[in-house]
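K.L.:
Reproduced below are the annotations present in TrEMBL:
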type	residues	note
TRANSMEM	B:6-26	transmembrane segment
TRANSMEM	B:47-65	transmembrane segment
TRANSMEM	B:71-88	transmembrane segment
TRANSMEM	B:95-116	transmembrane segment
TRANSMEM	B:122-142	transmembrane segment
TRANSMEM	B:163-187	transmembrane segment
TRANSMEM	B:218-236	transmembrane segment
TRANSMEM	B:243-265	transmembrane segment
TRANSMEM	B:271-289	transmembrane segment
Amino acid sequence: MKRFSWDEMMNRYPAFFAILLLVVALIINLILQPNMFARDTLNSNMRVFLPMILLAAGQAVVILGGGIDISVGGIVSIVNTILATQVGLNGSPEKMWAYVLVSLAAGILAGAINGFFIAFLRLQPIITTYATSFLYVGFALFILPNPGGGIPADIANVYRNTTPLGLPLAFYVIAVVLVIWMYIRSTRFGNYLYAVGGNAEAAYETAVPVTWVLFSTYVVSGFMAALAGIAITMLSGSGNAEIGVPMTLTSITAVVIGGTALSGGVGGVAGPVVGAITLGIIQNIISFSRIDTWWETFVKATIIVVALAAPGMINLLRRKKL
Amino acid sequence: MRRLSISPPVAAILLAIILFLLSGFLPNGFGNDINVAIAQATNIVRLAVFLGVIAAGQTLVIISGFEGIDLSAGSVVTLTAILTYVTVKGEDDKVLLALLISLAVGALIGFVNGLGITFLKISPFVMTLGMSGVVTGLIIIINHGNVSGKVAPIMTRLIARPFSSSIPIPNAIIIWIIFGILMWLLLERTTFGKHLFAIGVNRVTAKLSGVNVTATNLAVYSLAGALAGFGGFLVVGNTGVVFIALGQPFLFPSIAAVAVGGTLLSGGKGSYWGTMAGAIVLTLITSLLTTMQMPDSVRRMVLGATLLVMISIYGRQRGFRQ
């Protein structure tokens, strides 16, 4: 029987701390909201968390490759405005499906634009995706200058109320995402991704197609952002060009809480998915604990900073003890 | 691929001049009237002062490398603007006190950022992002919906008015020029500046050459916070009113100004002159789009596209093959 080693757990399983945090948050949430695991409550929570989970998964792939994607919120906005203006409140399911495909194509295209500038022109990811985020949010505002429009209620209800085998739809989506990720992780592309994120120069020297790997991470991120956009549109049922803007930074926080380092090459997609759920639960706890509205932002931000600082603090304390 | 040998600050200034001359052909541009042209140019530079000062701290943290960035700058600007507003209460003799409070509060927030980044090993992006949330929370608590206060007449006279009737240069520009010289001295003529560039290029070699990396890093973030605080003091002196979203619109433009000015986002290379030029270019583009009465959507897209073009010209990283 091997002795439990904190360091080993932290190093071998980057998601370890994220799961620990999730358990703590779940327990607090369960105390405040005893019916949390009831079917309806669970479903209503998970359908709210799902867009951020999808977004964080895409962001994680980019960050693993050593980049960052600040334009994901803009892509969510574009998808939302496309669906809200083109399908409309009285659209048919066929029309919805057609524009879901258009949205996915738009997401892939937006990701490819990011990838082109970053991988092929070798621009710095932060500033490039920041610039494209202006392009994308601007384009979303161009499609829909004022909030309005939407998708038919019965289509939105499919997303809201489908619970196959009594489990929320989100569970199945998460399972599919994780299975696909585990498959990708085992392929040559998965190895390339970690190699490029760890040390792009060394990866290039060992004949890894660095440019194409980088390019593809942004395409994946664009695709996932489009999925997140579809999910949040079905959740809200209406259109708003600014809907994605606050989601960008939350997705990055989710990735980091999930143990995937911003320097690249360390972590995975499972951790960020857990991170996104944890952030959602923290929001839940805050709204259930009935704290003064004026204090809400401060409390939430402080909890997030403490959560981000905790692994570092533990390491610092342990080093002192030795 | 051949590279342009023109230096980024010069390129940015040239772009600003060309854009400004072209803007004369607009229907409501300055036309043939040289006096109107000078007045317009002066006004644009005056508006650029605030972005320029806020971007000074950003320049320092970005030069310090190690993914250095300060996302808390926007909320620090709002906080110190509000603190100045409530401290001064329209009295001239409280202005110095308000300035000291602004610098101290900004430096304290920056110091906490520095602690998290150096000791807890949190990446600067996430640490300052989290801090931005905490500061926004503080603002909401302090502000409680509305604040009562007033800027002092002396602030308006020193910041918003021209130097004298015979010299029609706004005081803000004179402050900025002195500020620019001080920044140049700090970066190029002090030990701190040398250490700053050294840790930006390579932390290990800097440490081996006797640079106190930890202390320098803490100092950089504290100084960046203090400069953002100074920015807040100037902004409220100019606008005369405060509101919760006062500082946030400066955040990403401050990063963009640094990038447009040719400071490498990976650290170790850059100048404050470049940032000043970048601030002028960004302010010019924004105000041109406003005078052309472009809708918000077009404004954002043009801003994004310009930024992409600027960084495509000289923001490119070294190719792998070289």
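Heads up, the Cβ atoms here are built off N, Cα and C, so glycines get one too.
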K.L.:
Cβ pairs under 8 Å only, please: of the recorded stretches B:47-65, B:95-116, B:271-289, which one is richest in them relative to the transmembrane segment (B:218-236)?
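P.N.:
Answer is B:95-116, with the largest number of Cβ pairs below 8 Å.
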K.L.:
Same chain, outside the transmembrane segment (B:47-65) by at least 6, Cβ under 8 Å from its Cβ: which residues?
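P.N.:
Residues 73, 77, 110, 124, 172-173, 175-176, 179-180, 183, 187, 196-197, 199-201, 203, 216-217, 220-221, 223-228, 230-231, 234-235, 238, 247, 250, 253-255, 257-258, 261, 263-272, 275-276, 278-280, 282-284, 287 contact the transmembrane segment (B:47-65) from elsewhere in the chain.
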K.L.:
Looking at B:6-26, B:95-116, B:122-142, B:163-187, which one has the highest count of Cβ pairs under 8 angstroms to the transmembrane segment (B:243-265)?
P.N.:
B:6-26
K.L.:
By Cβ distance under 8 Å, which residues at least 6 away from the ends of the transmembrane segment (B:163-187) in the same chain are close to it?
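P.N.:
Answer is 42, 45-46, 49-50, 52-53, 56, 59, 63, 157, 193, 196-197, 234, 238, 271-273, 276.
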K.L.:
Under an 8 Å Cβ to Cβ limit, what residues of the same chain, 6 or more beyond the ends of the transmembrane segment (B:122-142), are close to it?
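P.N.:
For the transmembrane segment (B:122-142), the nonlocal Cβ contacts are 61, 66-76, 78-79, 82, 109, 112-113, 116, 244, 251.
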